[in-house]
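What follows is a single structure, written as structure tokens, with notes after it.
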Amino acid sequence: MSVPTVSAPGAEAVPLPAKRRVAQLVMLASAVLIVMAAYAAVGMGIDQKIPSGMLTYGLGLGGFMLAAYLVLARFAPWADPLILPLVTLINGLGLVMIYRLEVGAGGKGGASATSQLLWTAVGVVVFSVTLIVLRDHRALQRLTYTAGAAGLLLLVSPLLPVLGQEINGARIWIGLAGFTLQPAELAKLALVIFFAGYLVAKRDVLALAGRRLLFIDLPRARDLGPILITWGLSLGVLILQKDLGSSLLIFGTFIAMLYIATQRTSWVLIGILLFVGGAILAGLAFDHVQARFEVYLNPEDDALYRRELGGSFQLMEGLFGMSQGGILGTGLGQGHPGLIPLAFSDFIFAAIGEELGLTGLMALLMVYGLLVERGLRTSIAARDPFSKLLAGGLSFLLAWQVFIIVGGVTNLIPLTGLVTPFMSQGGSALLANWILIALLVRMSDAARKPPPQAIQDEGLTQVFQR
Amino acid sequence: MSELTLLLIRLAFLAVLWFFVIAAVGVIRTDLFGSRTAAAAPARKAPKPVKPPAKPKKGEPRQMVVTGGPLQGTTITLSETPITIGRANDATLVVTDDYASSRHARLFPQDGQWIVEDLGSTNGTYLDRSKVTRPTPVPLGVPIRIGKTVIELRK
């Protein structure tokens, strides 16, 4: 007689999930090497020799990432092995592209790889500090309403008379001791934390109450409060700060998190209806929104192309650049991405498209996709509802941001000024996104860590080993 | 620097970029295609049975499969041994379920048939939809519900 063999998920036979530290280190090293190769290729393309700054930049980036890796290995050993290498590659390619644009413009025009490298360093420091200080992400759940208030305050801070500054037609900056910051970037994080905490508490009533009409479950009218408030908030951002991108980003993320929390399609439909309604109203009432729509519908129009303010010049230059790149690109350092206005910030995607072509853009989008996939995976594996919602919301925030800017640059949707996460030049965005990654790493560590094992076999008192 | 070198650099860089993406997918392939080691490991570890168990006759169940609940996907190869199910550590199938008793139910072979018997559980054992009150033969593919766990016998 043989003993029945059990092959159960969760039984003793299953080995502990691997930490995959070696894989992580190898991927991290190859990401840094790819970035250095890109530097070399830029130098080769521009003046036929390997640039002198390559080692400095490469080793600088490598050093930062090694530091980040060590902090991660010490304070979040079970964290997902792919998140850090993927971010490294995106951040590094952004640095290379900014360097290339800086060299191409002869140091003029606003692109500055050195300042971006410094901000990357600050980002890594903030990443490490977040990981070290925040040992348990559930501490954030206690800060739900604090985070909500902080997010609102950060959002409206550019409107304050002394602090706020208006640059390039959008009032989204604050000046602090010589620096300009975009508080909206941090506000997004705070708001996602707020949404997650709020929805954990209220999702049952939002998910269950209501009645069925045709094929969708309609919520009760009185439960529409939160969605209407967020809608008003995003419209306020749109109207008062003239910031289309943040408005769309905040509202879209809220709808997605509402959907994750309640699994009801009706919320998504209501959200889309509200947003389309709001956008049409805004388009009728405000010139700057209307200008964006005109450009979107008819970018090739000659009058729009030549229009001084709110014309389609930038968009068309980006499209020209990408068409010049074609399938394989012109090669790093051999295109003319300098012709696109603001190629180092909003239009870095078009610049990459010109020099690396469709093949390179697809690889880049795959890297973004994998990063988002790791985040969503964390959300699935997470054990408590708060981190499920938070991880899902943060990943969606990242994905949605990439979609909005890439869609805008390729004229799939109206162009809105958003940064490409980790690529565009800009300190605030880089900082906020590194914090976002730290939160994801922290949650994936908690999700992948094996549950505590009982040391004793039986008995009323059980001793747990952490 | 010839055009050719630049072309090669360009293509090589794109290739390296894609190689990175593929390597990244390779790192997480267990996520995408399921774990292969989990199924293979016990097979390798298990010592070879001295005598292969007598082949069940046609129409007789060969394995018990958990089709619902936290242990979903678990299979137990049926032999002559009775199978106990419950929260107790010595049960054949240990379920961690607040709705199951420590010794919840028992499955045993008799005259080529498998019989399910409730061992005085609090919440009862259900064969299909009816509560098991006395030892009942279990036909192939009929669900047995124990707390949140659903099992059935298969060929």
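Glycine too: its Cβ is placed from the backbone N, Cα and C atoms.
Quick look at what TrEMBL annotates:
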- A:25-42: transmembrane segment (TRANSMEM)
- A:54-75: transmembrane segment (TRANSMEM)
- A:82-101: transmembrane segment (TRANSMEM)
- A:113-134: transmembrane segment (TRANSMEM)
- A:143-160: transmembrane segment (TRANSMEM)
- A:172-200: transmembrane segment (TRANSMEM)
- A:221-240: transmembrane segment (TRANSMEM)
- A:246-262: transmembrane segment (TRANSMEM)
- A:267-286: transmembrane segment (TRANSMEM)
- A:347-368: transmembrane segment (TRANSMEM)
- A:389-410: transmembrane segment (TRANSMEM)
- A:422-441: transmembrane segment (TRANSMEM)
Cβ-Cβ under 8 Å with the transmembrane segment (A:143-160): same-chain residues at least 6 beyond its ends: 171-174, 183-184, 186-191, 193-194, 196-198, 201, 233, 237, 240-241
Within-chain partners of the transmembrane segment (A:246-262) [C-beta distance under 8 Å, separation at least 6 from its ends]: 172, 184, 188, 191-192, 195-196, 199-200, 203, 206-207, 227, 230-231, 233-235, 237-238, 268, 271-272, 274-275, 379, 388-389, 392-393, 396-397, 400-401, 404, 416, 418
Same-chain residues at least 6 beyond the ends of the transmembrane segment (A:267-286) whose Cβ lies under 8 Å from its Cβ atoms: 206, 216, 219, 224, 227-228, 231, 234-235, 238-239, 242, 248, 251-252, 254-255, 258-259, 293
The transmembrane segment (A:25-42) vs the transmembrane segment (A:82-101): 3 or more CB pairs under 8 Å: yes
Considering the transmembrane segment (A:347-368), which listed stretch of A:54-75, A:82-101, A:113-134, A:389-410 counts the most C-beta pairs under 8 Å: A:82-101
Same-chain residue ranges lying at least 6 outside the transmembrane segment (A:113-134) that approach it to Cβ under 8 Å: 57, 60-61, 64-65, 67-68, 71-72, 75-76, 91, 94-95, 98-99, 102, 140, 425-427, 430-431, 433-435, 437-439, 441-442
Non-local residues, at least 6 beyond the ends, that sit with Cβ under 8 Å of the transmembrane segment (A:389-410): 137, 140, 188-189, 192-193, 195-196, 199-200, 245, 248-249, 252-253, 256-257, 260-261, 315, 318-319, 322, 346-347, 349-350, 365, 368-369, 371-372, 374-376, 378-379, 382, 416, 418-421, 433, 436, 439-440, 443-444, 447
